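Participant: Following this message is one structure expressed as structure tokens.
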């Protein structure tokens with residue numbers, strides 16, 4: 001029997017995964033609510049606020065889908081049919097890919113927004129949101145096509161006893177693909193993800209280099225009156241770098257665990273750990289925005305104050 005089929009017996013993994021999903025859903029919901037309220041309350045809303053709300057919505061949908069899948073992993077209330085398996089697994093894989101795309105494009109949009117007037121990126125500022133939206137839609141279509149094989153490789157197979165079938169949930173299993181089909185889908189996905197991470201690193205490096213030059217110029221002009229307080233641009237760049245570094249570390253760790261899982265024949269512990277690691281970014285990233293953006297912090301404080309005074 002496939003070892004991952006025993007995943008539902010691990011209470012610690014069950015508690016950890018459901019806790020992660022619950023916290024992530026709550027944090028992303030708060031972030032979406034805060035940004036939507038600020039967008040509705042401002043005369044000229046910033047494009048970055050709209051995109052962060054959309055970014056959080058993507059992560060919220062990912063965690064909700066993962067929560068539904070986790071229910072069938074640990075406490076199945078009824079066996080799913082093949083259509084339910086294929087739809088939920090496909091949606092989950094699509095949202096995971098869109099999270100990578102949204103993270104990359106958020107870094108690019110932030111870089112364009114914070115770039116100085118003398119930068120070559122200035123010409124993209126007025127239409128940056130439109131360009132980012134078009135790029136996201138294009139990547140969405142790509143992910144939908146690259147993940148289409150799941151509709152033929154995911155089946156409802158409750159009594160999993162064959163070694164060549166890979167466990168997904170208590171109801172769903174993955175049929176092994178031929179080497180040609182596997183390569184046909186995995187190679188384009190690997191290239192696309194490498195390009196997105198490379199673009200993310202390039203945008204982060206650009207902002208670090210720009211702020212380093214800006215700091216040197218400020219030190220040259222104001223050697224005797226330097227302020228230790230970080231500027232909004234510096235705080236935003238720190239947020240970018242923190243999110244990007246955290247995402248890349250988790251992405252690499254996810255790949256390492258995945259290959260280890262394949263090597264050790266799909267062990268239940270590695271499978272559970274991989275699920276937790278792959279959804280950690282969606283849970284932690286909203287807290288980074290909430291803690292680093294003063295506008296969100298002040299808004300949440302004012303909301304709490306109003307609730308207390310009622």
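Cβ coordinates are placed from backbone N, Cα and C, and glycine is handled just like the others.
What Swiss-Prot shows for this protein is this:
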TOPO_DOM  1-20  topological domain 'Extracellular'
TRANSMEM  21-41  transmembrane segment
TOPO_DOM  42-50  topological domain 'Cytoplasmic'
TRANSMEM  51-71  transmembrane segment
TOPO_DOM  72-93  topological domain 'Extracellular'
DISULFID  85-172  disulfide bond
TRANSMEM  94-114  transmembrane segment
TOPO_DOM  115-134  topological domain 'Cytoplasmic'
TRANSMEM  135-155  transmembrane segment
TOPO_DOM  156-183  topological domain 'Extracellular'
CARBOHYD  159  N-linked glycosylation site
TRANSMEM  184-204  transmembrane segment
TOPO_DOM  205-238  topological domain 'Cytoplasmic'
TRANSMEM  239-259  transmembrane segment
TOPO_DOM  260-268  topological domain 'Extracellular'
TRANSMEM  269-289  transmembrane segment
TOPO_DOM  290-310  topological domain 'Cytoplasmic'
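Structural setting of the listed features?
Facilitator: Confidence in the topological domain 'Cytoplasmic' (42-50), given as mean pLDDT, stands at 72.
Helix, strand and coil counts under DSSP for the topological domain 'Extracellular' (72-93) come to 15 helix, 0 strand, 7 coil.
DSSP gives residue 172 (disulfide bond) a strand state.
Non-local neighbours of the transmembrane segment (94-114) in the same chain are 46-48, 51-52, 54-55, 58-59, 61-62, 65, 121, 124-125, 128-129, 132, 135-136, 139-140, 143-144, 146-147, 189, 193, 196-197, 199-200, 203-204, 206-207, 210, 233, 236-237, 240, 243-244, 247, 251, 278, 281-282; each lies 6+ residues outside the stretch with a CB under 8 Å from one of its CB atoms.
Sequence-distant contacts of the transmembrane segment (184-204) (same chain, six or more residues past either end, CB-CB distance under 8 Å): 97, 100-101, 103-104, 107-108, 110-111, 139, 142, 146-147, 149, 177, 240-241, 244, 247-248, 251.
Same-chain residues lying 6+ beyond the ends of the transmembrane segment (239-259) with a Cβ under 8 Å from its Cβ atoms: 100, 103, 106-107, 110-111, 197, 200-201, 203-204, 207-208, 270, 273-274, 277-278, 280-281, 284-285, 288-289, 292-293.
Non-local neighbours of the transmembrane segment (269-289) in the same chain are 4, 7, 10, 13, 16-17, 20-21, 23-24, 27-28, 30-31, 52, 56, 59, 62-63, 66, 70, 96, 99, 103, 167, 239, 242-243, 246-247, 250, 253-254, 257-258, 260-261, 296; each lies 6+ residues outside the stretch with a CB under 8 Å from one of its CB atoms.
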Participant: Determine the Cβ neighbour count for residue 85 (disulfide bond): the number of other Cβ atoms within 10 Å of its Cβ.
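Facilitator: For residue 85 (disulfide bond), the count of other Cβ atoms within 10 Å is 25.
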Participant: Which residue counts does DSSP yield for the topological domain 'Cytoplasmic' (290-310) in the helix, strand and coil classes, in that order?
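Facilitator: Residue counts in helix, strand and coil order: 19 helix, 0 strand, 2 coil.
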Participant: Near the topological domain 'Cytoplasmic' (290-310), which residues from the same chain, at least 6 beyond its ends, have a CB less than 8 A from one of its CBs?
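Facilitator: Beyond its ends, the topological domain 'Cytoplasmic' (290-310) has Cβ neighbours at 27, 30-31, 34-35, 37-38, 235, 238-239, 242.
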Participant: What residues in the same chain, six or more past the boundaries of the topological domain 'Extracellular' (72-93), come closer than 8 Å to it by Cβ-Cβ distance?
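Facilitator: Tertiary neighbours of the topological domain 'Extracellular' (72-93) are 7-8, 14, 17-18, 62, 65-66, 143, 147-148, 150-151, 154-156, 158, 168-172.
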